[in-house]
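Structure first, then comments.
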Amino acid sequence: MAAQKPHMNLAFIGHVDHGKSTLVGRLMFEAGAVSPHIVEQYKKEAEAKGKGSFEFAWVMDSLKEERERGVTIDIGHQRFDTDKYYFTIVDCPGHRDFIKNMITGASQADSAVLVIAAPDGVMAQTREHVFLARTLGINQLIIAINKMDAAKYSEARFKEVKEEVGKLLQMVGYKVAEIPFIPVSAFVGDNVIARGDNLTWYSGPTLLESLNNLKEPEKPTKLPLRLPVQDVYTISGVGTVPVGRVETGIIKKGDKIIFEPANVTGEVKTIEMHHEEAEEALPGDNIGWNVRGIGKKDIKRGDVCGHVDSPPTVAKEFTAQIVVLQHPSAISAGYTPVFHCHTAQIACTLTEIKAKLDPRTGAVKEQNPAFIKAGDAAIVTVMPTKPMVIEKVKEIPQLGRFAIRDMGQTIAAGMCMNITPR
Ligand code: GDP
């Protein structure tokens, strides 16, 4: 069964109009993830209108219409299988809360397909998304150089774009040699699942084969336990039961644990997972855990559970690298938006903008700038208005990233570089 295979969350990123939706649609369609009765229905409608020969375009149009009417099928949340994995497609950047969801774990992508239209090459959002992918901790990428049909299926053009993208990826720190570059046409279907006859000069993997070749994401069991609290319940006859997802490390029955910043300690009495008792829980597991010695009022959402001998870090102040995605004007020292980090939402003041960085290379462009704006990357000093658990991204990446929100928008994404503990 599909559910027994390892699961992967996959994001499609890239410049607007480079073909992300079309490629997802093609993949779904050819992987058999669009249900046969829907395909049958589309076929009939297409035939009735004399368009029977082009089912796929018809499926895409119909999906798009349905999306615009706000109903039923959202290809952005579809699932499909390869031999090895069971994939869920998570939203693309551009969708309202993608960045926040990525950081808070609601839609954490394990890997991403970067789509670049061959006729256009690298564009502004291609750069932005590559930088974001890196900031958000997406370690595995597949590059789909799309619309090869509109570039005369030219190997020379493919090579040009590949080199351009390769430079960009290398600048932000990806290992280019390990990344597959695939010439595709989402429109015609070349190299998505079937090879087709148009790209005979290419002998590498198809998109589907590359997806199948992704490395299984490793569970960070060797890192210290970090288990952010999502909610806290009192269950009669049981006691206080916080619930949450293990981000790193392992929690076992009998463990001595501490919640920070609440600064209370206790002992794990039981662990419940999928309505059954468990001896231990690993990264990715959603659990409820009953704690001896702690009342419901002692802890709340945003607290983080760790072992007493390796407690979560409470920051008085921290330095961070951020990238500003959108802001109506400029951001200067004193700005106090809300930081979303694991399950915590805490107002924090940017007390100092130490340096403006080149978002593509990370090189310092300006020391102590008066302000930063959309498109800028920067090193900033941050002072939470209340105690807050955060970790250095180098030590515990899962707890080192955050989204900055203000006025109902995600303003920036960032990672914690250094901490002055409480
Ligand atoms: P998105 O904004 O990245 O999701 O891009 P879309 O999937 O909406 O595609 C943008 C436009 O490019 C649409 O008109 C598509 O029909 C077209 N398109 C997508 N893939 C291809 C392709 O492989 N070849 C050609 N010629 N056009 C494509």
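Backbone N, Cα and C define each Cβ position, glycine as well.
What TrEMBL says about this one:
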DOMAIN    5-221  domain 'Tr-type G'
BINDING   14-21, 91-95, 146-149  GTP binding site
BINDING   SER21  Mg(2+) binding site
- Using a Cβ cut-off of under 6 Å to any atom of ligand 1, determine which of the binding-site residues ASP17, LYS20, SER21, MET148 qualify. ASP17, LYS20, SER21
- Other CB atoms within 10 A, centred on MET148 (GTP binding site): 30
- Message: Please report the distance from the Cα of GLY14 (GTP binding site) to the Cα of SER21 (Mg(2+) binding site), rounded to the nearest angstrom.
- Response: 11
- Query: Near GLY14 (GTP binding site), how many other Cβ atoms are within 10 Å of its Cβ?
  - Reply: 28
